[in-house]
Amino acid sequence: MTTTDPVVIMKQEVGKAAADRVQSNSIVGLGTGSTTAYAIQYIGERLQKGELTNIVGVPTSFQAEVLAKKYGIPLTTLDAVTHIDVAIDGADEVDPHKNLIKGGGAAHTREKVVDSLANQFIVVVDSGKLVDKLGSTFLLPVEVIPMAVTPVMNKLEQLGGKPELRMGIKKAGPVVTDQGNLVIDVKFESIDNPAELEKTINNMPGVLENGLFVGVADVILVGEIIDGKPSVKEI
Ligand code: 5RP
């Protein structure tokens, strides 16, 4: 289906650019979100055309698994492979040091496992995701086991954050992750030291993982529209 929505066009272009970088005979981490969905679609199309052979995907979520099956990408698990060649995943914010906030789709725990195992981690974003400082536009997602929600929210407030439990859309009650946990989104006025904050939050009892990805991304592909034409730049 063709679209005139510039954000969708940027997502499609950058998804295609990432899919073009996948090589035959490789193990591919399949990220989550609307941008990575295009990469999964294009990887599947390259497989169908015979441009790519012998690919196996490691999904980062139920969504990625469903899409991979839809587009004919064979799947495996981390129990069956010793490494991942390339992972492709989206992000909610990217700073100038290639540090990320992820978790807009509540999949950041599995994403961090898969993305950080990859020999090359390619991030796919539209230009609206680039920020000078993490936390400027997006709340930081924190996955928490259900019985620890209140104490973790209290600790996040003590750290200076404003936490809120993520609620479902078209579902009464909170968002439940693929692991059966809950997500607290936290507004920090300023994230000055993402590496330290990542560790501090992960040290809170009951926290499974937060959405700060520090020093994990190798390549950022950014979809842009310049003079009305879509293009992709690499950072
Ligand atoms: C899911 C994620 C996504 O990669 C992130 O939210 C970006 O999504 P989209 O490409 O739909 O903007 O981290 O947990």
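Note: Cβ is positioned from N, Cα and C throughout, glycine not excepted.
As recorded in TrEMBL:
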BINDING   THR32, GLY33, SER34, THR35, ASP89, GLY90, ALA91, ASP92, LYS102, GLY103, GLY104, GLY105, LYS129  substrate binding site
ACT_SITE  GLU111  active site, proton acceptor
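Maximum intra-site Cα distance, substrate binding residues THR32, GLY33, SER34, THR35, ASP89, GLY90, ALA91, ASP92, LYS102, GLY103, GLY104, GLY105, LYS129: 16 Å.
Distance between Cα atoms for THR32 (substrate binding site) and GLU111 (active site, proton acceptor): 8 Å, as a whole number. Residues GLY31, THR36, ALA107, GLU111, VAL125 surround the recorded substrate site, their Cβ atoms falling within 8 Å of the Cβ centroid of THR32, GLY33, SER34, THR35, ASP89, GLY90, ALA91, ASP92, LYS102, GLY103, GLY104, GLY105, LYS129, which are themselves excluded. Cα-Cα distance from ASP89 (substrate binding site) to GLU111 (active site, proton acceptor): 8 Å (rounded to the nearest whole number).
Sparsest Cβ environment among the binding-site residues THR32, SER34 (other Cβ atoms counted within 10 Å): SER34. In the three-state DSSP classification, ASP89 (substrate binding site) falls within a strand. Counting only the Cα atoms, the space from ALA91 (substrate binding site) to GLU111 (active site, proton acceptor) is about 10 angstrom. For the pair LYS129 (substrate binding site) and GLU111 (active site, proton acceptor), the C-alpha distance works out to 18 angstrom.
In this structure, the C-alpha atom of LYS102 (substrate binding site) lies 9 angstrom from that of GLU111 (active site, proton acceptor). In the three-state DSSP reading, THR32 (substrate binding site) counts as coil. Proximity of GLY104 (substrate binding site) to non-local residues of its own chain (separation of 6 or more, Cβ distance below 8 Å) is seen for GLY33, GLY90, ASP92, PHE138, PRO141, given in sequence order. In terms of local Cβ density within 10 Å, LYS102 ranks first among the binding-site residues LYS102, LYS129. For the pair formed by SER34 (substrate binding site) and the residue listed as 'active site, proton acceptor', distance between Cα atoms is given as 14 Å, rounded to the nearest Å.
The number of other CB atoms found within 10 A of the CB of ALA91 (substrate binding site), across every protein chain shown, is 30.
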